[in-house]
Structures are given as C-alpha cells and as structure tokens.
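Asks: For 44-293, the entry in TrEMBL reads domain 'G-protein coupled receptors family 1 profile'. Summarising the annotation, TrEMBL assigns transmembrane segment to 29-52, 64-89, 95-121, 142-165, 203-226, 238-263, 278-295.
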Amino acid sequence: MQNFPWDNYSSVSEFILLGFSRDSQINVILFNIFLFLYLCTLLGNGLIVTLIHRDSRLHTPMYFFLSVLSMLDMSYVTTTVPQMLIHLVRQKKTISYVGCVAQMYIFLVLGITEGWLFSVMSYDRYVAICYPLRYKVIMSPWLCWAMVVFCGLWGISCSLVYTVFTMRLPYCGPNEINHFFCEVPAVLKLACADTSLNDRVDFILGFILLLVPLSFILASYVRIFVTILKIRSTQGRLKAFSTCASHITVVTMFCGPAMFMYMNPGANASPERDKKLALFYNVISAFLNPIIYSLRNKDVKRAFLKLIGLGRTTE
C-alpha cells in the first residue's frame, strides 16, 4: 500500500480565520465600518425588493431580474459578513471544518448565480432596445423564470465541483486561513498536497463561469450600442444608454475582481490583495448596487415616493 507524506499527520477539525488585523483597536474600527455597510446593504436591497413587489409599474422583466439580484446580494453578504463581525470582536476566530465547507459552497452558489444573472440582464436590455415592439412577447414570464432557474442550477452544480475539488485534498496543519472567510484560493494554501490540478480546474471553471457570461454581455452591448447610434434624437440616445449604464457599472465592479481572483494561479496569489478583492465583489458591490440602480432610475424613485406617501397614487 502506498504511503503518502501526510499520512503521519492528523486532519484538522477546524480552521482559524485570521481576518484583517491582530490589533484590537483596528478591529473595533473595522467592526463599525462593516456593520454599517452590512446594515445599509440589507436596507437598500430589501427596499428595492419591496418597491418592485408593491408597485405594479415595476412588474417588468428588468425589475424582476433586479429584485432577484437584490435578494442574491443580501444572501451573498450574509454568508460571510456576520461571521466576520463576530470574529472582529472575539479572541476565538475559529470555524469548523463542516462550517467552512458549507460557507464555501453557499458563497460559490450565490456568486456564480449572480455572475450568470448579469448575462441574463444584459440579454433583457438587448431585447428591450433592439426589439422594443416584441419585448413583452420575447421576455415572457415563463422565459424570465426559466433563465433565473438556469442560473441557479448552474451555480449549484459548478459550486459542487469547486468545493469537492478543494476539500478532497488533505488538510493536516497549519489550520490558519489568511482570509476573513473560507474562500477557495485561501483554503487551498493549507493543503498538504500538490494543488496544480486544482489550479487548472479553477482556471477552466473561471473561464466558463466568468469569461463566457462576460462574452455574452459584451456581444449584447455591441448590438445595443449599434442600435443606439441609429437613433436620431439625442434625447432618445441618452435614454437608451442610461438604461444600460447602471448594469455595465455593476458588472465591472463584480466580475473584474472575481476574474482576477479565480483565474490567477495559486502560486501568484497574495493573501492581502485577495482579501481586498474579495471585499470588493462580496461587500462593496452589494452595498453599491441599490445606490447605482436607484440614483439614475426615475421609476424606482417614483415608487419610493409613493411608498412613503409623497407620490401620486394613481396608476
């Protein structure tokens, strides 16, 4: 029977998440900042979901996808931030092996689903601008739900591959993860085995899960911009472009850092840089999404004023 070099070591039963700093004063400051961001994220995205649900004028495919995005964002940050907040004010910063696996899997499911949802949202904008007269026929409620379900199932299946390939490796110590949650690149650094296969799998999955939807998004917007340039009135062009600007901004904030993280070989990874990148696509983007979508959106503003009793109630 073949003996492996890690056979003489015992497997770890829990991990220690090092987080951002060992300085208690800095951690208190970070706790207040991240608590503020987390509560604002829940409030902002929760408000968007409420407005879309209550205002019948927002019962369109575009706002349906936006409400799904908001629910994903609330779930996404809840997977990581509450635990991070607890660890910032406690001496014990451990997470069980099972808890680490669960957090990794749920985080990946939500992230992959959101990445593919962006491509669905770009297709919605493509149909709305390039085929406005057929928009309601093409973007039927059945098709909208089918595309969202596809994104979810794709996220569930691909996340399983990511998680299985990561956690099949032996982890025999040390058990300190230089991150604020159990993310694949950070956990792989603790493996007592060769991770070159994982690097290749991560690159291939990163290509499929990030570059493929980005290609769909790019193709959609090339067609959209060609159509916009054919619009004769300047006001019409600006109106068409404004409906896409928010989506382009959000996609850039989410996919750019995620692509750099998951398509970069493990040997070239920097723990401190990875933590900043993860903060950007996990916390910052979810915090900014409702701001970006609402500031430039008259329909959302009108629905909000109606909700608080300052807008006209007539349909």
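In case you wondered, yes, glycine gets a Cβ from its N, Cα and C as well.
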Asks: Is the transmembrane segment (95-121) in contact with the transmembrane segment (238-263), using at least 3 Cβ pairs under 8 Å (sequence separation of 6 or more) as the test?
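Replies: Counting Cβ pairs under 8 Å, at least 3, so yes.
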Asks: With Cβ distances under 8 Å as the criterion, find the stretch in 29-52, 95-121, 142-165, 203-226, 278-295 that has the most pairs with the transmembrane segment (64-89).
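Replies: The stretch with the most contacts is 29-52.
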Asks: Which range out of 29-52, 95-121, 203-226, 278-295 gives the transmembrane segment (142-165) the most CB pairs under 8 Å?
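Replies: Selected stretch: 95-121, with the most Cβ pairs under 8 Å.
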Asks: Applying the under-8 angstroms CB criterion, which one of 95-121, 203-226, 278-295 scores highest with the transmembrane segment (29-52)?
Replies: 278-295
Asks: If you average pLDDT over the domain 'G-protein coupled receptors family 1 profile' (44-293), what do you get?
Replies: 86
Asks: Where else in the chain does the transmembrane segment (95-121) make close Cβ contacts, counting only residues six or more beyond its ends and a cut-off under 8 Å?
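Replies: Hits for the transmembrane segment (95-121): 11-15, 17, 62, 65-66, 68-69, 72-73, 75-76, 79-80, 83, 147-148, 150-152, 154-156, 158-160, 162-163, 166-167, 171, 177, 181-184, 187, 209-210, 213-214, 216-217, 220, 247, 250-251, 254-255, 258, 281-282.
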Asks: Given a Cβ distance threshold of under 8 angstroms, which distant residues of the chain, six or more beyond its ends, lie next to the transmembrane segment (278-295)?
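Replies: Those are 34, 37-38, 40-41, 44-45, 47-48, 66, 69-70, 73-74, 76-77, 80-81, 107, 111, 179-181, 183, 246, 249-250, 253-255, 257-258, 261, 301, 304, in sequence order.
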